[in-house]
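Student: My questions will all concern the structure given below.
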């Protein structure tokens, strides 16, 4: 681990991370940078100097964070109130079982079943939790994968190729070429080619490759504004240059993202449901404690007695046997109160939810995310690739008219690289005039991009802008008489572009550069003539143009009126946040009349000197222009409206240009077309300087943050969470990873997303579509409501169990249910109906009569006169108490226990029907709307019959078979639970109706 990594995290008074050197290289001239780092670009660093700097700064690698140990993860799984209560109950139960086992007896097996089952539940729960958390920190490893492995360095005056990138130090001189992955943050010293472009969107959020320069920029520039810097992990897509390493390891922009991911992962919070369950667990702990204390106080006389001597208690007698009995009562209370099957049911419901979401292209990586998604109140969305296609497309085509001051405007449909996606409105198919043919030829030939069809759809290789022009050429089609040739066929993917390429062979390329803002190619036509074709910034082309081509192909002088008409079109397209490119040409350029690519030709020297390109591209003939953009996805507007209807606020956070982002937000409905968004659209830096950040975030409607850096996104997410919002954050780039990690639910793009973003996320969109998020939120809400339904069902059912245990203990009669029976109810008979509720559709004997006093003092039955118990039969077993009538209260109560257990099971089954809807009656929402629930009830009753009528299981659970008449008694006691809940629902509907009516009348009065 490098020292640069160890020192990361030191901060100055402003809170910004200090780099390895306080020198702000982007704000200094090249000469000052070389002096500051004590290096010359031609010689580089010496070996001794490299060694010294390695000692100071360490290796150029990201810090390796040691995650929590497996033992720590296991302990964390027991940091839950309900789990701790269960664990305590299991331990006590096990100790008591061990104690009772020493005496032998029939209950030995039964006593051990309960603690072992509870331990098994806790172990499975811990395994699932550890597995999920052990996969949580892969984002940091994925971040290391995007680091460059090698670099070309100048040291000791020699060029060293393939140097391990981790050995770079500040001050090293590095050469970059096309396709290189940049190994460190570096200052550009010298451009070897005429231009240098870097794809840094994954780090900065910009939708296009960025041109780099050697000129310094203001010190306060944001990361997008540092045009003279290149950053670790980004890629050179055009040109080559010489750079000076300024920051390595954790001091790079990539290292800062690494630190922010680590910081965010340490601040992960519980899901909304888990918070509520924890609150319930704490309340349950207090309740169980109070009930146990109350039971002990009521029954203390049974295990602790004394005599009064001279008015003072003396001769204390303590019964350990009776004391352990009431320990068992406490364990039974804990088992009765806690829905042991709840973790399994929740996991099952969430797992089923992930399958449903996967069918809607939302791939859930962490199960709790399903529930969190249903509670989402704010969606913070990236723009590029989420709201938009991340595929440049031509939206407008402006061609020349019959007169010099007349233009024609064509609207171009389509949002992807698919040539068949949309058409050109009012297009003269097959009858293209000469001017349109010229535009198509320039767009096709001054172009190095290509389109391919793959499993992921239509994919561009090369510059996105050029790929969009290729798609435009295909939509334009071919003029009559021009064929793509038999080898390709007119219907080929790039057939039109290939047809145009056959009309002329490229013999030279004038590369794009930042000064002249254009690119040109010289082609040799079939006739032998040469032609210069140029595309670039409209203003620059107009300055170097002397003529204009009209609709019929005739050429006239470019006068002021014609120039104004073109500039008006330019301004109109620019106001729509379109990127505009112009097309121009020159026939028979004098210098290249006889040039055919021969290096010995005098004109070849002109091509080697980029300074001559402007003079070569002079006296041009202007042909037309196009407006391009990264278009919004078709379905996003409806998804935004759905969010608004569902009460979910949408905020757009992007690293892109403010004007472009505002235009997209208006188009997709985040803002109205004429809405004043002065206070709603600000840059990331403006937000950080805002005097009332929380107030800004509480504004109603959509919000836009442009030019946002990773730290800006994190701060926005943090403030929203502090305000009580449940935040979903989308993103695809490295710069999005910290915010994805910090958000309640991070959503990464599956197609365009980086591995870093995917590993930091909770959910991945397989189709990169914002509307998929909205569909997943709807599914999440349904799952969340269903989870509340089965939790309400299980807890309400357990109240009956607690009441039965408490009352029998409080009044001193023998316990009606033992812990293992309660465990069976909670796990098996409660579990299936509760799970089935996850499929809910969205809302739309002969005994001697004894007194109650005798029953409370049943352990004194040996002193009762004439007390007898009639024998009774249960299944094949006959119970006879002639020798010891008091044995009835121990072994004979088995029939009463079985009836109690069966009543409890039946009540909970019928109570699950009540949970079908919170307010709707079973008459309007009958049980068969959820056939899965009916099936689950059948399974639960079937399992209960199994333990009743299979002798071995009946012995384990301490119960006996019931007769038909006894089952009728069970149903008579259990069925009223439906009637009671129907009455409560009716009252609830009446109350809600009254409240709604009151609010409505109040609103009308206002």
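In case you wondered, yes, glycine gets a Cβ from its N, Cα and C as well.
All annotation found in TrEMBL is predicted automatically rather than curated by experts.
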Student: Quick one: sort out which of 43-61, 62-80, 81-99 is the transmembrane segment according to TrEMBL.
Tutor: 81-99
Student: Out of 263-283, 284-304, 368-388, which range is noted as transmembrane segment by TrEMBL?
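Tutor: Going through 263-283, 284-304, 368-388 one by one, TrEMBL gives transmembrane segment for 284-304.
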Student: For the transmembrane segment entry in TrEMBL, name the matching range from 956-980, 981-1005.
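Tutor: The listed stretch tagged transmembrane segment in TrEMBL is 956-980.
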Student: Tell me which range among 905-927, 928-950 TrEMBL lists as transmembrane segment.
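Tutor: Spelled out, TrEMBL records transmembrane segment over residues 928-950, not the other listed ranges.
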Student: So how many of the residues in the domain 'Cation-transporting P-type ATPase N-terminal' (24-98) end up helix, strand or coil by DSSP?
Tutor: 46 helix, 1 strand, 28 coil
